[in-house]
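Visitor: Here it is, the structure in full.
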Amino acid sequence: MASKESKPSRTTWRDMEPPLRETWNQVLQELVKRQQQEEEEQQGLVSGKKKSWVSIDLLGTEGKDIKKVNIWEPCEKWFAQVVWGVLWVLQIVLWGCLMWEVRKGNQCQAEEVIALVSDPGGFQRVQHVETVPVTCVTKNFTQWGCQPEGAYPDPELEYRNISREILEEVYKQDWPWNTYHWPLWQMENMRQWMKENEKEYKERTNKTKEDIDDLVAGRIRGRFCVPYPYALLRCEEWCWYPESINQETGHAEKIKINCTKAKAVSCTEKMPLAAVQRVYWEKEDEESMKFLNIKACNISLRCQDEGKSPGGCVQGYPIPKGAEIIPEAMKYLRGKKSRYGGIKDKNGELKLPLSVRVWVRMANLSGWVNGTPPYWSARINGSTGINGTRWYGVGTLHHLGYNISSNPEGGICNFTGELWIGGDRFPYYYKPSWNCSQNWTGHPVWHVFRYLDMTEHMTSRCIQRPKRHNITVGNGTITGNCSVTNWDGCNCTRSGNHLYNSTSGGLLVIICRQNSTITGIMGTNTNWTTMWNIYQNCSRCNNSSLDRTGSGTLGTVNNLKCSLPHRNESNKWTCKSQRDSYIAGRDFWGKVKAKYSCESNLGGLDSMMHQQMLLQRYQVIRVRAYTYGVVEMPQSYMEERGENRRSRRNLQRKKRGIGLVIVLAIMAIIAAAGAGLGVANAVQQSYTRTAVQSLANATAAQQEVLEASYAMVQHIAKGIRILEARVARVEALVDMMVYQELDCWHYQHYCVTSTRSEVANYVNWTRFKDNCTWQQWEEEIEQHEGNLSLLLREAALQVHIAQRDARRIPDAWKAIQEAFNWSSWFSWLKYIPWIIMGIVGLMCFRILMCVISMCLQAYKQVKQIRYTQVTVVIEAPVELEEKQKRNGDGTNGCASLEHERRTSHRSFIQIWRATWWAWKTSPWRHNWRTMPYITLLPILVIWQWMEENGWNGENQHKKKKERVDCQDREQMPTLENDYVEL
């Protein structure tokens, strides 16, 4: 009874019931009803006062003309019409600009901006992806240890677009490769599961069929999801372009990926969670695999010209050089040899970073014949190479424990008795539910290939590397000027491997086929002189040359022991042509054993590598969620970056007191205008904040209810599983006792039997040891029920409080309207246009006065330029013989002479030249703001000419006499900045 009294009641009162969801028609009817009530009221809340708020006429029922104050009454009618027209034109221009911006496809839409953190893109790029927690989401979550579907949003329905500008600013047109640990963890679980049950699998027969077949075959599909504060950027459009072209060899050091369109999601696409090595994948993965066939960007590349490079550019995903497929932290997953086809290091393993760029794409098998590439029957002596490519995996392939033919229509299927996971093999027998001998046409296949010379940006054709004794001097067969970066500058007239001395000083090997087609160029910075000195130092090569002899298609040198030099295994120079001595584009002087420049593989990938490739279209980012309050905008948007966005700093003049008075007056007007709305806004914010907080509390309470319900459901499920286990136990015991297969007794929950051991091991008695009793389970259910009832009541109360607070918001406005006389408070608002017009007029008058003041100041400064007219008296030479002169004695060596001061008036052209020179040397000429003052120069010239020559040009200067002695002439100061007239 005590438990029943303490048990909370499940009944709720009527106000706790959540309101039904209103439809749009109900909302519209309520608005119309309120409008009609407002129309019936002839007066406001205060008697005798008009309503001060604005009502919206939705249905057009308000037809009465309300007398309004015309703010343009004092103005002239034409002035009002002009202003009205200008406003309309401005509005049309603004709308046109808005529509033009919206129609631009590469602009950032409003819903595409993520302003979450203080960085340009609204997110932070996560480089160490191994530190990011991840979980899987699948349908059979209880069986495979994943989260249920719906725990994370569907990426196809809920996503956020990222603009192209943000992608370029964050990733710098470089979508990097990431070695995700999530597929490695799945691979580790599969390996651990196989090792723990390896002994049991060896004893199985062909009658064994388990649900684990779906996991092995990759039919358990799910998504990888990252929790908050992480997210995934899913690329929707991308292309590749070369970077860091080696000027010596011509190969591209890097192939970068430029993603131009991406979405922010929480989960990846669906993919098989775990599987073993296979060849043909499910058709559900075709679109995802096809997306990795990345095309070249629309830039000027030689491979894009079909005439120069048949077949176009390479398509696929370039795994960069230096990538680690299995990092050092998980090196125990590496096998002795690579099981990933062409994805291998220089030693054929995965212990070192990749030394050559590896391309992975979905294979196009439309041109194949019987599971073999085109022209496969034309290969020489049954080799695996054709058209410069060595093929691996053509013939029989390993697919889910079976050897099947590479021909999808062949239907060949042989069981091997083992599964391949990474670099290890595990014996395992199972009877698959799928038909192994079916027609696999239409199922996607991975194609792994490597361009060893890495010149994908020049051509997609693979060539067979030339032997050194087949490299000869061209002798006129090569014309033009070309290099390793410019293959189109030369022309060839004969097939062969021509040694060419380029104009840049290095050596080139131009590979010419079909008499006129250049299929490749290999180069080095070593010049001809250095090479020839090495050649002459070779034994018995003093009288030899590299001239072409023989009648073969490619030609050869005369002496095979005196071919193009190279370094042997001891790093010493030699000229002997060996059987496996080829020349490579990236190793001109080394001994290269690889005959073909390309390597291709079909299949050979397990689920780990399959997931790794599909995950390359995703990048992990770090974000933060929106919160209540003000959202902090990114700092980069607040600061103007770059020289083009920086405003020029100018020295400010002293502000007079009138400016401060005007500023204070404007601030007072603005403060008065916002005083009335400030009180109402404060009250509304207070009630709104309370309502939002109540809604948040209600949401939190409902979240607790959901968590308690989920815990209760889990507990119920646990009880059901216990019940199922016990029933299964009883059924097993009954069956065994009926058929007399078991004769045992129990002792402390353990079974002691004298029958066959395999029968006793079939019943795992220890799994039922720690099961709880039904009384304990009932008590826990009762506790869950009581907790859930309390939480439901608390949630209902919080919802009721939130609804009450939300209904109080309009009541606050009515209370304020009843308390204050709003109509009289805002009666002065009708004079605001006049005040604004007055302020604008004062500002315009002030600007005009400033312009006039500047013009007057400039006029005075230019007008003050004067030219001093001086008379230079040339003294007569001194008579040393003391001869007596006619006009004086000359006893002191100087004479008193009288000269007429002759002055000539300057012409208009002279005045103009002097004025123009003064303008050119003044600082006003270098400032664009003072350039308009140049229009005043003609007026100044005319004014000065009139002052000098008079209004009629008849001013006469009187002749003056001036006595100048020697002392005065010697002590005359130097004239500076004056024009001297002789």
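Residue 1 is the first one shown; counting continues down the chain.
Glycine too: its Cβ is placed from the backbone N, Cα and C atoms.
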Visitor: Check the candidates Asn258, Asn370 against Swiss-Prot and report the one noted as N-linked glycosylation site.
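Guide: Checking Swiss-Prot against Asn258, Asn370, the N-linked glycosylation site entry points to Asn258.
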Visitor: Among the residue ranges 723-738, 787-802, 819-834, 931-946, I'd like the one that Swiss-Prot describes as region 'Immunosuppression'.
Guide: 723-738
Visitor: What does DSSP call Asn491 (N-linked glycosylation site) in the simple three-state scheme?
Guide: strand
Visitor: So of all those glycosylation sites, Asn435, Asn439, Asn491, Asn515, which one's Cα sits nearest to Asn470 (N-linked glycosylation site)?
Guide: Asn515
Visitor: Nearest of the glycosylation sites to Asn568 (N-linked glycosylation site) by CA-CA distance, picking from Asn140, Asn387, Asn439, Asn491?
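Guide: Given the candidates Asn140, Asn387, Asn439, Asn491, the nearest one is Asn387.
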Visitor: Tell me which of the glycosylation sites Asn161, Asn387, Asn435 ends up closest to Asn491 (N-linked glycosylation site) in space, Cα to Cα.
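Guide: Closest recorded candidate to Asn491 (N-linked glycosylation site) by Cα: Asn387.
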Visitor: Highest Cβ count within 10 Å among the glycosylation sites Asn387, Asn470, Asn542, Asn568: which residue is it?
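Guide: That would be Asn470, with the highest Cβ count within 10 Å.
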Visitor: Between Asn542 (N-linked glycosylation site) and Asn161 (N-linked glycosylation site), find the distance joining the two CA atoms and give it rounded to the nearest Å.
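Guide: Here the two Cα atoms are 70 Å apart.
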Visitor: Return only the integer: C-alpha distance in Å from Asn515 (N-linked glycosylation site) to Asn435 (N-linked glycosylation site).
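Guide: If we compare the Cα positions of Asn515 (N-linked glycosylation site) and Asn435 (N-linked glycosylation site), the gap is 51 Å.
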Visitor: For Asn515 (N-linked glycosylation site), what is the tally of other C-beta atoms lying within 10 angstroms of its C-beta?
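Guide: So the Cβ neighbour count for Asn515 (N-linked glycosylation site) comes to 12.
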